[in-house]
Every structure is written in structure tokens, then in C-alpha cells.
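Visitor: Feature table excerpt (TrEMBL):
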ACT_SITE  Ser111  active site, nucleophile
ACT_SITE  Glu204  active site, charge relay system
ACT_SITE  His272  active site, charge relay system
DOMAIN    14-131  domain 'LD-carboxypeptidase N-terminal'
DOMAIN    177-287  domain 'LD-carboxypeptidase C-terminal'
Amino acid sequence: MRKKPKPLKAGAHIRIVAPAGIVNPQKLQRSQDFLTHRGYTVSQGAHVLDQHEIFAGRDTDRVQDLIDALSDPQVDAVIAARGGYGSVRLLPLLDQVDLSYLEPKCLIGYSDITALHAYFFRRYGWITYHGPVMESDWTKENGQMALDVLAGKKTCWLTREMEVLNRPHAPLTAPWQGGNLTVLTSLIGTPYFPRLNGTVLFVEDVNEAPYRIDRMFQQLLLAGCLEGIRGIVWGEAVGCGSDADPLTVKQIIHRIALECGIPGWYNFPAGHGVTNWTVPLGQPLTISDDHVLVAGD
């Protein structure tokens, strides 16, 4: 059963956590200033600026910051400081606590945070948000859009750059699931891989050669993970080859859509590119040729 967080209100309390890589304090402060200047109360988890090996602190400290943020009744939203690597190491630790009594909060992040999106929807049915982390530049369009989406003000995404690769007979309404393809694929065979049946698979990646993208999709196919999906949306392919390559990401997405007998879209403006639109994961969305809109429950 899906559980949607309450819309973010003016003056809400936002908690920053760092579940993955080491955080750049200057970039973090820039985005924090953006939020405070807009009237939000912003606090940091106790270990956000910690450093341990390549992580923002020890696993136990990072997961405790996350649990504290989700369970604190004074906190309304939780934003990841950055991606990198490390979120997957927290999943077995999250299994040791029961958060089912909590109302979900707006949890936003992308890239490595894909592991947390998958976890919380699979275990609790929480709708979370694929969007910018604090080390991204929240002072531009991405930050304002994220706030508008979290507040429930932004319910339609118009995009003329998105290409339809296998056109549906009508606009498609289904919940989206996914995130970063590499992180998602790493969850195959674990208890944390999301149930994709009946969903639109949304994925993106960065600095992966097309053959590696194809290999990951073949793994998803061969593992049966794509059975029952209703569509596929590729975000931005940053550093993932060029149109001159003999095999392109667009060709791969088109082929997967055809093999699965589903519609496909390419170049939705979300992921590691300059534009990183915020979209709810687990929320039913309606997608057509050039727009995506919230469909309601």
C-alpha cells in the first residue's frame, strides 16, 4: 500500500543527512543558504560532515542520522547531502529497526540514494522523491522545482526534449520506480530490489559506456526483473557515449521497449545532467508524448 508524505509547508523543518559519500562543506552551505533564505528551518544530522574511509562517517552513524531524521516529529523533510557510494551498506542496518509506525516524510535524493528509494518503498510503501541532493546547485531551477514538487505545487512536467521510442496507444498512467541504473542493478538478488510489476521503470546513469548499459539491461531481463513493467523512461545519459557510437543508449532503450512490448521514452530531464527535475517514485503518474503529470491515487 502506497503512503504519501504530507506536502511541505512554508517554514517547514528540513533535515540534511549524508548516507553515502564524503560531503563538501562549501557546496552544502550554498544549498543550505538557499533553503534558509526561503524561510525553511534547516538542520544537519550529527554526522553529516564526518569522514571515514570514502564515506560520510561510519555505517552505524550514517544510518542513525537517517533514522533520527525520519523519526523526529519536528522534521518535515529529509534531503540527502550527496550521492557517491554507501547507501546500500545501510540497508541491513535499517532492517534492524521498525519504522512502520511513522508517517512518511519527504525524502529526496538521487544517484546512490536510489538504494534508499527502493528500500523504503519495498518495505513500507513510502513514496519518495528522485531529485537533487544538497551538493547539487539548489540555487537554480532544480532547487525551486524540488520545493514546488514537495509542496504539491508542481504536478505537471512539460518536456519537448523527450523522445517517444515506442509510442503507446494512449497516455500511460502507472507509478514510477527506479533511479540510477547501476545502483538498481546492484540490488538484483537481494531482498531490497523493488517490485517493478505494474510500474514504469525510470532509470538514468552517468559515465557508463553503452555496452555496460546494455549489459545491465540484459541482467535485468535475464533475472526476470522486467516482467510486467508497463513502460520505460530513460532520463539523461551523461557521459554515456555519443550519437556517433555504433551502439547508443537510445538504441538500447528502444530495443528493450520493443522486446518487452511496452512504450519507451528517452531523454526525460532528470539525472546527472544540468537539469534534474524532481519526480515522485511510487506515485501514479501519467506520461504522454511531451508531458508527465501526477495522476492522483
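Note that Cβ sites are derived from N, Cα and C of the backbone, with glycine treated the same way.
Here the structure is a predicted model, which means the values were calculated and not measured.
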Visitor: For a quick check of packing: other C-beta atoms within 10 Å of the C-beta of Glu204 (active site, charge relay system), how many?
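Guide: So the number of other Cβ atoms within 10 Å of Glu204 (active site, charge relay system) is 29.
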Visitor: Would you mind giving the whole-number mean pLDDT across the domain 'LD-carboxypeptidase C-terminal' (177-287)?
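Guide: Summing pLDDT over the domain 'LD-carboxypeptidase C-terminal' (177-287) and dividing by its length gives 95.
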Visitor: Between the Cα atoms of Glu204 (active site, charge relay system) and His272 (active site, charge relay system), what distance do you get, rounded to the nearest Å?
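Guide: Cα of Glu204 (active site, charge relay system) to Cα of His272 (active site, charge relay system) measures 8 Å after rounding.
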Visitor: Distance between His272 (active site, charge relay system) and the residue listed as 'active site, nucleophile' at the Cα atoms, whole Å?
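Guide: Here the two Cα atoms are 8 Å apart.
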Visitor: Report the DSSP secondary-structure composition of the domain 'LD-carboxypeptidase N-terminal' (14-131) as helix, strand and coil residue counts.
Guide: 48 helix, 23 strand, 47 coil
Visitor: Within the chain of Ser111 (active site, nucleophile), which residues six or more apart in sequence place their C-beta under 8 angstroms from its C-beta?
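Guide: Long-range Cβ contacts: Gly83, Gly84, Val133, Gly179, Asn180, Val183, Val206, His272.
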